[in-house]
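The FMN binding site feature in TrEMBL is assigned to 12-17, 59-62, 97-106, D132. The FAD binding site annotation in TrEMBL covers R355, R387, S388, F389, S390, G421, L422, C423, S424, W601. Residues or ranges marked as NADP(+) binding site in TrEMBL: T465, S520, R521, K526, V527, Y528, V529, Q530. Under the heading domain 'Flavodoxin-like', TrEMBL lists 6-150. Marked as domain 'FAD-binding FR-type' by TrEMBL: 212-451.
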Amino acid sequence: MSQPTLVVLYGSQTGTAQDTAQRIARQAKRKCIQVQVLPLDNYNVANLIFESLVVFVCATTGQGDPPDNMKNFWMFLFKKSLPVGSLSRLDYAVLGLGDSSYPKFNFVAKKLHKRLLQLGANVLLPVGLADDQHDLGSDAVIDPWLTSFWEKVFTLYPCLADVTPLREDELSWLVSRGSLPPTYNFHFLDDLKEEPDDRLMVSKEQTIASQSHPFPARLVSNRRATERSHFQDVRHIEFDISGSGIKFGAGDVVMIRPCNAPEDIQELCQLLRLDPEVRFTLRATDTAAVPARLPQPCTVQHLIESYLDIAAVPRRSFFELLSTFATNELEREKLLEFSSAAGQNELHSYCNRPRRTALEVLADFPNTTAQIKVDYLLDLFPEIQPRSFSIASSLQTHPHKLQILVAVVQYKTKMYKIRRGLCSTWLASLDPTQGEVHVPLWVKKGSLKFPKERDTPVIMVGPGTGVAPFRAALQERISEGKTANVLFFGCRLESKDFYFRSEWEELTKAGHLILFTAFSRDQEEKVYVQHRVRENARLLWDLIANKNACFYIAGNAKQMPANVSDALKQAFQQEGGLSAEEAERMFEAMDRTGRLQSETWS
């Protein structure tokens, strides 16, 4: 049997699936196997009938949705017109990346596997279902799954097993000699004169805002929504989107890509001995395209500020590549340990549990960091990923404006420095009173869909910042004359973090809203939104069973959604006289028909 080309196709939303796909490709190269790695929407899906060996690496987003860069592939693959046996020559494996705190855990990977079987493809091994909630993260599943995958490949293609794979020391030697080239080469320019500020990559005349062409929205206001004495800083932020052509409805989300902190940019430049003002152009060494959002030429300052994700907790691949630069024996041994399957407990203790950043890792390995070649920067650091925020306003109520509610992420670990969320900290730092500020953004359809029928009631459970999409929904619905609205809101203290209190009270007085609140710390015994759901079982049963109401949950994915769901099922039993099994079936039917929807995050 002739040697096949391994094709690794990925659907990635935050970069994790892309990183895993590239890791599989590196393993293939070390085994001297020809390999091609692509995002699914960059692959000509019509060629799938000619492939012999493909690995699909797929994340699941939202409520069981495919990532943005595989949606076109997804639509094509599920066409009913595709012949049943069209993929009969294809041997494949599917590796899913998910989070078991979400109800539709690894839904995309499971559904893709079933569809490939329907089309006649031959599966090599069971679907890998990696779980981000595992103590060791996704690698706890990925490592043994990859071991099984290569065993199957070598059994299927014995000719591959005869090739001697590269050892780690050989790989390091090849990198040092330039025989394993970086994805891009930097070409530094002699002319160092200052360029205009290139952070805004699109003109205000841009008609359609998108990931490749975000709209530079002017920041109108950035005010704290919690009391100054409250431990949590939550911001109510408003943007002016006049002239953008941006339209959105209740349930949609805005995408924002943050910038790195000035002190982090300065530290990386010092560690790598880089001049932030120097300009360069990028040249691809392979078939890769130069990143579209990097200007040509580009300054080192702009590259680090807007593109390289230096403040994130690095993935295992970071240590794998870093080890190839190591000449100091002690540092090299430790980096190789962190890169190995056997060293994952050590890696998680050192890196993941304390949330150590890539920048801090470089500072911990000074001898190795001093050997890093600038050409490998884009291989070492992933691209900063955009963050999504539920839109908290309606265009009917606030024309030409877009509002969000942002909790500034800040927490302590054993690290000396407080851990901070990159995007929330950056947004909180922007002050429009000190001068005009623009934030590049674009809008995406969200997972929440609200009923068009005027008389259909909606029941919304949104504790904390989970209330944001429901504020947009209430503004939109009331502007359309839809007044059958119920909101369950929860927070810690009525006097500290009761978001949009005056708005809810006005709507209640006007008869447009029934409001139930749960202030968990205002009394000795904690009260949460699920308790209020349970207390109002009769009202909820009447609205759902007799008036066809829709039920929505938004907020933190840890315990709240499951607790609210359980409270709702108990209401079905208590007021509807249903058995536990019947209540479960009714709950599932609501979910299946879109009458029960959730938007949660971890």
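A Cβ is built for glycine as well, from the same backbone N, Cα and C atoms used for every other residue.
Positions of TrEMBL features highlighted on the structure.
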{"residue": "S12", "record": "FMN binding site", "Cβ within 10 Å": "23"}
{"residue": "G62", "record": "FMN binding site", "Cβ within 10 Å": "22"}
{"residue": "F105", "record": "FMN binding site", "Cβ within 10 Å": "17"}
{"residue": "S388", "record": "FAD binding site", "Cβ within 10 Å": "20"}
{"residue": "S390", "record": "FAD binding site", "Cβ within 10 Å": "26"}
{"residue": "S424", "record": "FAD binding site", "Cβ within 10 Å": "20"}
{"residue": "S520", "record": "NADP(+) binding site", "Cβ within 10 Å": "16"}
{"residue": "Y528", "record": "NADP(+) binding site", "Cβ within 10 Å": "18"}
{"residue": "V529", "record": "NADP(+) binding site", "Cβ within 10 Å": "26"}
{"residue": "Q530", "record": "NADP(+) binding site", "Cβ within 10 Å": "24"}
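In this structure, the binding-site residues A59, L422, V527 were compared by how many other Cβ atoms lie within 10 Å of their Cβ, and the smallest count belongs to V527. Whole-number maximum of the Cα to Cα distances across the FAD-binding residues R355, R387, S388, F389, S390, G421, L422, C423, S424, W601: 26 angstrom. With a cut-off of 8 Å between CB atoms and residues at least 6 apart in sequence, the same chain places T60, Q63, A557, T600, S602 near Y102 (FMN binding site), listed in sequence order. The Cβ of G15 (FMN binding site) lies under 8 Å from the Cβ of D309, P382, E383, Q385, each of these being in the same chain and 6 or more residues away along the sequence. Mean pLDDT, taken over the domain 'Flavodoxin-like' (6-150), works out to 91 on the 0 to 100 scale. The maximum pairwise C-alpha distance among T465, S520, R521, K526, V527, Y528, V529, Q530, the residues recorded as binding NADP(+), is 19 Å. A 10 Å radius around the C-alpha of S390 (FAD binding site) takes in these binding-site residues out of G62, T465, R521, Q530, in sequence order: T465. With respect to their backbone Cα atoms, F105 (FMN binding site) and S388 (FAD binding site) stand 20 Å from each other. Across the domain 'Flavodoxin-like' (6-150), DSSP assigns 58 helix, 34 strand, 53 coil.
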